[in-house]
Amino acid sequence: AVKYTVTLSTPGGVEEIEGDETTYVLDSAEDQGIDLPYSCRAGACSTCAGIVELGTVDQSDQSFLDDDQLNDSFVLTCVAYPTSDCQIKTHQEEKLY
């Protein structure tokens, strides 16, 4: 699979991980020792929400975010594949509401 650099802007600092278009961002982060918030792991809640600040992701598996939230660049990291090098601000659940 094509490899991408995913930059995670977390409350604890900026972390760079390697991702690819077949692995969800949340899984890639965990595989590389970075704990991000999650609950359902199925794209059906908002615990893992982040904001895509740069780049693109495919989160067609998600069922929670509405069009307005998607247009505001919100992302559910548990069901998002990177489709380019990207930067995601994590821990954004409270900003959804």
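Using the three backbone atoms N, Cα and C, a Cβ is placed for every residue, glycine included.
What Swiss-Prot annotates here:
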type	residues	note
BINDING	Cys40, Cys45, Cys48, Cys78	[2Fe-2S] cluster binding site
DOMAIN	4-94	domain '2Fe-2S ferredoxin-type'
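Same-chain neighbours of the [2Fe-2S] cluster site beyond Cys40, Cys45, Cys48, Cys78, judged by a C-beta within 8 angstroms of the site's C-beta center, are, in sequence order, Tyr38, Ser39, Arg41, Ala42, Gly43, Ala44, Ser46, Thr47, Phe64, Leu76, Val79. Within the domain '2Fe-2S ferredoxin-type' (4-94), the DSSP-based counts of helix, strand and coil residues read 17 helix, 32 strand, 42 coil.
Cβ-based neighbour count (10 Å, all protein chains) for Cys78 ([2Fe-2S] cluster binding site) stands at 25. When the neighbouring Cβ atoms lying within 10 Å are counted for each of the binding-site residues (Cys40, Cys48), the highest count belongs to Cys48.
If you take every residue in the domain '2Fe-2S ferredoxin-type' (4-94) and average the pLDDT, you get 98.
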